[in-house]
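Listed in TrEMBL for this protein:
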- B:20-39: transmembrane segment (TRANSMEM)
- B:44-63: transmembrane segment (TRANSMEM)
- B:69-90: transmembrane segment (TRANSMEM)
- B:102-120: transmembrane segment (TRANSMEM)
- B:140-158: transmembrane segment (TRANSMEM)
- B:170-192: transmembrane segment (TRANSMEM)
- B:198-220: transmembrane segment (TRANSMEM)
- B:227-247: transmembrane segment (TRANSMEM)
- B:253-272: transmembrane segment (TRANSMEM)
Amino acid sequence: MAAVHFHNVTLGYDRHPAVHHLNGEVARGALVAVIGPNGAGKSTLLRGIVGILRPLDGSIHLGGLDARDIAYLPQSAEIDRSFPISVFDFVSTGLWRVAGLFGGIGKAAREKILRAIASVGLNGFENRPIGTLSGGQMQRVLFARVLLQDAALIVLDEPFNAIDAKTTADLLALVKQWHGEGRTVLAALHDMEMVRNHFNETLVLARGPVAWGPTAEVLTPENLLVAMRMCEAFDDTAAACAADDINSRAA
Amino acid sequence: MAYDALIGPFTEFEFMRRALAAVIALSLAGAPIGVFLMLRRMSLVGDAMAHAILPGAAVGFLLSGLNLFAMTAGGLIAGFAVAILAGVVARSTGLKEDASLATFYLASLALGVTIVSIKGTNIDLLHVLFGNILAMDDQTLLVVAFNATVTLLVLAVIYRPLVIESVDPLFLRTVSRAGGPAHLAFLALVVINLVNGFQALGTLLAVGLMILPAGIARFWSRDLTTMICIAVVAAAVSGYAGLVLSFQTRVPSGPAIILVATVLYIVSVLFGRVGGIVRQMFPGRHLEA
């Protein structure tokens, strides 16, 4: 069974689509890169998958998974880093699935949290407020939380943006470890070399699907050119969408 | 001498003991709410809500005169109505909560002042606007204590989602649906505590015993639990010192309490360990790591 099934899904804001008419499925255990220029709808698609954004049209089915089986790593800009919370407490929120509203955090859970923090290379940072961390350190903290969530489907929104090569390599190793454990991983990315070398499946997005399949076949100069020429129209006077329009254009 | 000035008023006069018990109850419940208001960047929302309860209190006044129960019930109804309407409009339209609330509170304030002026005198209006903690009777004190207890219990229930929603709302939305109910419950607690403070400090100053202690705490700690404790202590100290000041100098009690809190706030801005001006000017030698 597929981990994620898109059925003619359109996602957007206030009736304006950011991703038109996407069909297809992500197999369980797949490692998929979602690429496209800024404004292509990558983050919107990921928000649709994790249930933050309801589709304007069509549907997204998560083969038997519920919200608690999904770990989502948003772009760091969404997090209020001035809030007085320590690295330990922030990472511990990854245990929501088991701890919920009232569950305590016992000795075993504390050790699990400490292990997650250590495995992203942040030993000794447990009591640091998150507001004092660098961009790369904060990204490691977010990965530690994902690690703790122990989710079947992992959705990463530009996880390697603005971080150095060492941190990127460490965190990429974690992504590959998750893939090796049979988890499904979707990541919105910009680095074509990374996608080419480490992701075996790619969806090229440009407000609609441009191409989707094995990375070697999909990541062609032609497809990237189509994506680059994407129209970023946002027109309040636009006519209602004719359903098949974008699919026929992509074909 | 010092005993007469600082302790004497409370051993001698029952109304002073009641007032002290009331400010302690208000501090225990209101200060933690103020900390969350500040951290969620909703300090001015609290102020707006304080104005929003006015028409309800005014209708209570219109129907029953200066009956605190009627005014409390009216204030609660008006506050909840505005909080829920503003929250629902913000969440269903994408309008920022402060913009949504601004519309509702301005309408509420205008309506409230109109209602009071229809029946009351300027003195009544002053009472509604600035309260009088020294006129508190036993029943009112029990209401204040009850509201404080409810606040602490509800806060314990929603604490975890409230913290996560404050720092990373998207994360909470992906793992749970508790964010929305927690936010609405929090707004309800804001209203309850404003109405609670309204008895003592009036609609205009009620929010002061919530926000000023939170502001004070922000200058002394980077840890949420410690901040809440500091805020509670700062509120209680302001309440006590404000009552003494009011008793000794005949300054109205509500403004006296808020002025003491303001002095503590200024001291914190100057000398606070976290971001205080003096600390920034003379940070000491830098550390090795």
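For all residues, glycine too, the Cβ spot is worked out from N, Cα and C.
Curation plays no part in TrEMBL annotations; they are all automatic predictions.
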**Request:** State the residues, same chain only, that lie 6 or more residues beyond the ends of the transmembrane segment (B:253-272) and have a CB under 8 A from a CB inside it; answer 'none' if no residue qualifies.
**Result:** 19, 23, 130-134, 200-202, 205, 208-209, 212-213, 215-216, 218-220, 234-235, 237-239, 241-243, 245-246, 278-279
**Message:** At a threshold of under 8 Å on Cβ distances, which of B:20-39, B:102-120, B:140-158, B:170-192, B:227-247 pairs most often with the transmembrane segment (B:69-90)?
**Reply:** B:170-192
**Request:** Given the cut-off of 8 Å on Cβ pairs that are 6 or more apart in sequence, determine whether the transmembrane segment (B:140-158) and the transmembrane segment (B:20-39) share at least 3 such pairs.
**Result:** yes
**Item:** Close approaches to the transmembrane segment (B:44-63) from elsewhere in its chain (Cβ under 8 angstroms; 6 or more beyond its ends)
**Value:** 34, 37, 69-79, 81-83, 97-98, 101-102, 104-106, 108-109, 111-113, 115-116, 118-120, 124, 128, 187, 190-191, 194-195, 198, 203-204, 206-207, 210-211
